[in-house]
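Right, one structure below, let's go through it.
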Amino acid sequence: MKYLSLMVVIPLLGALVTAFVPKHKPKTAKIVALVVSVIVLGFTIAAAFAFEAGGDRLQLSESYPWIPQWGLRFSFAVDGIALVLIGLSAVLVPLVILASWKDADDDGTGGRRNVPTFFALILALEATMIGVFAASDVLLFYIFFEVMLVPMYFLIGSYGGPRRQYAAVKFFLYSLVGGMLMLAAVIGLWVTAKDGLGHATFDWNEIVALAQGGGIPGDLQKWLFLGFFAAFAIKAPFFPFHTWLPDAGGAAPAGAAALLVGVLDKVGTFGILRYCLPMFPEASKYFAPLAIALSLIGVLYGALLAVGQTDLKRLVAYTSISHFGFIGIGIFAFSSQAATGSVLYMVNHGLATGLLFIVVGFLVQRRGSQSIADFGGAGKALPLLSGVFFIAGMASLALPGTSPFVSEFLVLIGTFSVNKTVAILAALGMVLAAAYILWMYQRTMQGRLNPKLAELAPMKKDLSLREKVVVAPLVVLIIALGVYPKPLLDVIEPAVSSTMTDIGVSDPAPTAATGAEK
Amino acid sequence: MDSITYAPATGALSSMWLLVAIPALSATVLLLLGRRADKWGHWLGVASVLASFVLGVTYFLQLRGIDGTGNKSLSVDLFEFIHIGDLNVSVGLLFDPLTAVFVLLITGVGFLIHLYAVGYMSHDPGRRRFFAYFNLFVAAMLLLVLGDNYVMLYAGWEGVGLASYLLISFWSDRPAAATAGKKAFLINRVGDVGFALAIFLMFATFGTTNYADVFNGVLASEAGQTVSAGVLLAMGLLLLLGACGKSGQFPLQTWLPDAMEGPTPVSALIHAATMVTAGVYMIARSQVIFNANETAQTVVVSIGALTLLIGCVIGCAKDGIKRVLAYSTVSQIGYMFLAVGLGGGAYALGIIHLLAHGFFKAGLFLGAGSVMHGMKDQEDIRRFGGLWKYMRITWATFGLGYLAIIGIPPLSGFFTKDPIILAAFNREGWTGWLFGSAALLGAGLTAFYMTRLFVLTFHGRPRWQKEGEGGAHAASATDAHGAHADAHGAAIARTEDGRDIQHPHESPWIMTVPLMLLAVGSVAAGWLMSTSVVDWLTPVFGEHEEGHAHLTHTQVTIATVAVTVLGVALGYLLFRGGTSLVEQPARTHLVRAARNNLYADRFNELVFELPGRLLTRALVWVDNRGVDGIVNGLAAAFGGGSGRLRRLQTGYVRTYALSILSGAFLIVAALLAVRLG
């Protein structure tokens, strides 16, 4: 079964169909979009069963000729890392569609927006997200990487909050700059591959084999690494390329923000693991200290800024910058625990922050404002909503029992065995996480009731059935994977081990012989 | 010490996971069913803890049935949690004599407190939610003591932190409660980071986080000198940091008194009987690590001695009935830290004091709750007096708890505190005299402040009758001290709302029965425990011969009883006639400092909070102006034709320059940190 191409084509076709639903039939468009996304989820589950954990590195491969002169092919294949991220996208999209059910209906100023287009854009986004993870051809990856911008640009620019135009342009330009640097590197890589292999190709397998054979000289590796890394560091984003994210996250509609931070940004960290590390092993080691330094700054800087935010959505965006720092540290620590933790972190962060953005979206829609000062004491009238908000917050601060704990623990323990100072400093982020989450919760849900809230009828309506259906799967996943993370770890770990072998690093041995052998 | 092995659990014990699962399931049901469970939810909560208690007794009996030479440490491996490379963590449980006494304490005292809470919370609309959190707490606490590796201990550790946050801020519409909950969580998180780092260090050193493997690694390394003393010291101190956070020890003690914002049963369950003893459990459990490094042990003893004095001194100056008990808890846990830090035979002393304390302090807190229940939530002891006539059962049970805590023979505190003081005196060298004297002084101070509390509450002239006058005084007191509005300020304000203290009354049976049972425990437990429990714990802590002696047992007993009697006499003489209703100006620096919690909160505010707030504000400004501006500028230059963005960044050149400089500085600093390794 050609799972991967179907999982790209189906949402794309679904987007086309949805886009052509007449404007005055918004409900039809919503239902079509939801059905399509659920079908994609079904295929993803089937693909996950077809994937053999611990088997070949790349599985479910498909390849179709495209431009033979350049050696460009439509090649899809996934390793464990790509598979879990595709799974994350496929789980989040139907929930986001359901969560955004009414978001596009009016723009808050009474104007009408084009509802079918909104849902078509989400499906188009899903196609590109799955494509970017599934591509096993470097140019194809690049193309998806760039095309992915377009639906998100329109989602922010046409359906976002007050500063949507500014945020959308900023998001687009940042990503474009990174993309241009990456394009230059992709072309450089192609030329190198042609020289080294004797034929034109963008095939990931061939290029990695070439790189592993020492076919890419050291200096060239560094330049090519930088080209890719710049694009990924902006996308992730790492300090100091992060400032587009709070604007985009703050202005995007909540559902789109959940996808932006939950999935889109993971393309950056995914790209580093899947492309930078195996293709440029020497350069990766050379630049690792810089990457760790930027990530470490990100952990603390993002968290401190999150503490200081006065806007709910911007706050959540800044917490993500802190979390991306953890992911970056885990990737560049070069230990199997840390790197596996990083991949798991990408999934868990998608679930937890996705849930946080979605719940914040519910709150903002009820209140008509995303300023924290406009809330206060809201928990009493909304026990269920505030409870889910609290669970999402606990997941965000990596409380044991929620899935992010496992990933943060793995990242830190793996990093500690390699570099104690970095792990100790990053662990301070744990305290700051508690500060920004609890303070946000206190200012919105606890304390005396903000008198203005008492006048608003929607602030007395707890979660509707639709909203419950949206949050329940995420809460269940967060807790289930927090108690039993093994299914994901079993898929991720072999892929990470291969990557560690590619860069030629192994875990440090314990400093003392243990009594375990007895 | 021989190497440590855990035998696989058989028979009933192989189902020990039920201990955690039952209350966890009950909590889930209560939370998910919502209001539908309002009518009967609390009984489900009580029943689940009772079930855990019955199971605990069953397991205890099975463990007791294992004869002398058999392995009394039984473990069960449930499923693999994380297995990446060398790191192999499973969800595994361990039941040994140490765990057994904790399980009985948590479920036994926990059950009584649950029962009491049925009555105490009967008028609260959130009672079902309250019991859900209570069950959650019990489940987490049981996981904490049952785990067979440090990751499980950590999971339970943070779990109880979560439950205590939820319970402290239970009345979260009161800003003080919300703030107190947050403070507890944050300060605990500081300790948790230390604990987490200790786990990381264990993995880096021994390649494992399992108790048995870590301990055997430490023992093997002692023989072969494979691990440096510095690593073991660091491991011990990081664990200690965690323990100080959870147990409210110096310098992380400030959250505990504020935690009294929660409902009273919470104070009893969490802040007296169970959660705050988690740190003691952790140190006792990690005894192999602490035994391996004398410096680490000395730090534990010092923290214990210092904290027990801090608790006593502040306890003397507080007027809220729960506040005094809170500081008394801080102080009593100091005794336990002192004991487990002394090592050797004193580990068991720390544990028996912990058990005795679990009984009498839970009884005292619940008694305080009963007093407040009968006095319309008034908690200022200056506004009590003569209550013994109106609430006889509370008076009698509270009195027994009071006699137990100050260590009057033959009540429990005497049997457990006295040996700790003796052990402290008999530490080798001059430090024995130092720590022994601190413990002895603490005993005198405890007698004094507890007498003050008891006499002011139950005896002397009633000071709660004249409403109008009292109200006026209270108002002026609140004005005068509005700057540091303490909890008793809030209590006065609450009473003013009510305005009418009716006749004080005794609490219903569902509250007094637990009080009586706990009082029985306070009377009998110490004597039982000082022999049998110490023997029971021998498989865990090993046999210990009497070491070196500065003083004999008789000498220490006489000295302890003498300072106690002195403290009681002083307290009685000063406070038998009551006290003034408002705070008197402090005449000495010590009194002023004690009233201000020895400035610990002020210190945290000045050193952490204020700079932190300034830093975040500055960073927000810099990020919006500087970093954003620079990168926007670059983006504009690259992107070309992006007039919209270029227009946005006009004339912040100096900001940019400054930001580039500080950004570069930041990156260089981070690079240096990375290079440090």
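Glycine too: its Cβ is placed from the backbone N, Cα and C atoms.
Predicted, not measured: the structure shown is a model, and the values here were computed from it.
According to TrEMBL, the domain 'NADH:quinone oxidoreductase/Mrp antiporter transmembrane' annotation covers A:135-429.
What TrEMBL lists as transmembrane segment is A:6-22 (among others).
The feature transmembrane segment is assigned by TrEMBL to A:31-51 (among others). Nonlocal intrachain contacts for the transmembrane segment (A:31-51), taken as residues 6+ away from its ends with a CB within less than 8 angstroms of a stretch CB, comprise 1, 3-4, 6-7, 10-11, 13-14, 17-18, 21, 59-60, 78, 80, 83, 86-87, 90-91, 93-94, 97-98, 119-120, 122-123, 126, 130, 491.
Within the same chain, residues 4-5, 7-8, 11, 30, 33-34, 37-38, 40-41, 43-44, 47-48, 51, 53, 57-65, 119, 122-123, 125-126, 129-131, 133-137, 139-140, 190, 194, 199-204, 255-256, 258-259, 262-263, 266, 270, 273-274, 343-344, 346-347, 350-351, 354, 358, 470, 473-474, 477, 488, 491-496, 498 sit at least 6 positions outside the transmembrane segment (A:71-97) and bring their C-beta atoms closer than 8 Å to a C-beta of that stretch. Annotation source TrEMBL lists transmembrane segment at A:71-97 (among others).
The transmembrane segment feature in TrEMBL is assigned to A:118-135 (among others).
The annotation transmembrane segment is assigned in TrEMBL to A:141-159 (among others). Within its own chain, the transmembrane segment (A:141-159) has Cβ neighbours under 8 Å at 103-104, 107, 113-114, 117-118, 121-122, 124-125, 128-129, 131-132, 135, 165, 167-169, 171-172, 175-176, 179, 182-183, 186, 204, 231, 235, 248, 251-253, 256, 259-260, 264, 267, 271, 275, counting only residues six or more beyond its boundaries.
Here TrEMBL flags A:223-245 (among others) as transmembrane segment.
Note on the transmembrane segment (A:257-280): residues 79, 81-82, 85, 88-89, 92-93, 96, 99, 122, 125, 129, 132-133, 138, 141, 145, 148, 152, 156, 189, 204, 207-208, 211-212, 216, 221-222, 224-225, 228-229, 231-238, 245, 248-249, 313, 316-317, 320, 324, 327-328, 331, 339, 342-343, 346, 349-351, 353-355, 357-358, 361, 496, 498-499, 502-503 of its chain, located 6 or more positions outside it, place their CB under 8 angstroms from a CB of the stretch. If you look up TrEMBL, you'll see A:257-280 (among others) marked as transmembrane segment.
Residues or ranges marked as transmembrane segment by TrEMBL: A:286-308 (among others).
Annotation comment: TrEMBL describes A:315-336 (among others) as transmembrane segment.
Here TrEMBL flags A:342-364 (among others) as transmembrane segment.
Per TrEMBL, the feature transmembrane segment maps to A:422-441 (among others). Long-range Cβ contacts of the transmembrane segment (A:422-441) within its own chain (Cβ-Cβ under 8 Å, at least 6 residues beyond either end) map to 292, 296, 299-300, 303-304, 306-307, 309, 312, 315, 318-319, 322, 325-326, 329, 333, 372, 389-390, 393-394, 396-398, 408, 411-413, 415-416.
Residues or ranges marked as transmembrane segment by TrEMBL: A:469-485 (among others).
Here the transmembrane segment (A:223-245) has Cβ contacts under 8 Å with residues 145, 167, 170-171, 174-175, 177-179, 181-182, 184-186, 188-189, 192, 216, 261, 264-265, 267-269, 271-272, 275-276, 279-280, 283-284, 286-287, 291, 294-295, 297-298, 301-302, 317, 320-321, 324-325, 327-328 of the same chain, all six or more residues outside its ends. If one looks beyond the transmembrane segment (A:315-336) by at least 6 residues along the same chain, the residues whose Cβ comes under 8 Å of a Cβ in the stretch are 236-239, 242, 245-246, 248-250, 257, 261, 265, 268-269, 272-273, 277, 284-285, 288, 291-292, 294-303, 305-306, 309, 342, 345-346, 349, 353, 356-357, 360, 372, 396, 408, 410-412, 414-415, 417-419, 422, 426, 429, 432-433, 436-437, 440, 493, 496-497, 500, 503, 505, 507-508. Within the chain, the transmembrane segment (A:118-135) has long-range Cβ neighbours (under 8 A, six or more residues past its boundaries) at 4, 7-12, 14-16, 18-19, 29-30, 32-33, 36-37, 40, 75-78, 82, 85-86, 89-90, 93, 96-97, 100, 103-104, 141, 144-145, 147-148, 150-152, 154-155, 158-159, 204, 255-256, 259, 263-264, 267, 270.
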